[in-house]
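**Student:** Mind having a look at this structure? Questions to follow.
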Amino acid sequence: MNQLPRVGLGTDVHPIEPGRPCWLVGLLFPSADGCAGHSDGDVAVHALCDAVLSAAGLGDIGEVFGVDDPRWQGVSGADMLRHVVVLITQHGYRVGNAVVQVIGNRPKIGWRRLEAQAVLSRLLNAPVSVSATTTDGLGLTGRGEGLAAIATALVVSLR
């Protein structure tokens, strides 16, 4: 029996940590401060992981990459996405497409958007669209205290 495609939603928010490398949308932004976190702090990749996992009915990033699990300490977003793809494949799914939007003032990602889309698409083996917005000075992202991201993903059955 053919299963209908499934859609998942993911969000992530991290505070900025001065002096920490800035990984965002799978890319290093050397001139910006990165986000604090158990892994590399890439809010966009973390939101994508959550979206894909939830679409496949496999929980969320906290269940898979728990902060109390030393195996995932400092892990790259790329490795996280690769692991998520393995998990959903084992459960009979593949990613159809995904969208991720970064919410924050810095770093500006527009000039690297196509590069980010290529990197993330390669990691998920599916088209990924990347966009960004600000909150017009409101909240922790508007004050430059943190970054956020929201993502959606569509998964389809392999069976």
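Any Cβ shown, glycine's included, is placed from N, Cα and C.
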**Student:** The 4-CDP-2-C-methyl-D-erythritol 2-phosphate site in Swiss-Prot includes ASP12, VAL13, HIS14, HIS38, SER39, ASP60, ILE61, GLY62, THR133, THR134, THR135, ASP136. Which of ARG122, ARG143 is also listed there?
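**Tutor:** Of the residues offered, the record points to ARG143.
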**Student:** Determine, from DSSP, whether HIS14 (divalent metal cation binding site) sits in helix, strand or coil.
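**Tutor:** DSSP call for HIS14 (divalent metal cation binding site): strand.
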**Student:** Quick check on the recorded positions HIS14, HIS38, HIS46, ARG143: which one has the highest count of other Cβ atoms within 10 Å of its Cβ?
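**Tutor:** When each Cβ's neighbours within 10 Å are tallied, HIS46 leads.
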**Student:** Roughly how many Å lie between the Cα atoms of ARG143 (4-CDP-2-C-methyl-D-erythritol 2-phosphate binding site) and THR134 (site 'Transition state stabilizer'), rounded to a whole value?
**Tutor:** 10
**Student:** Between the Cα atoms of THR134 (site 'Transition state stabilizer') and ASP12 (divalent metal cation binding site), find the distance and write it as a whole number of Å.
**Tutor:** 15
**Student:** Specify all same-chain residues, apart from the site residues ASP12, HIS14, HIS46, whose Cβ lies within 8 angstroms of the center of the Cβ atoms of the divalent metal cation site, ordered by sequence.
**Tutor:** VAL13, CYS35, GLY37, GLY41, ASP42, VAL43, ALA44, VAL45, ALA47, ILE61, LEU147, ALA148, ALA149
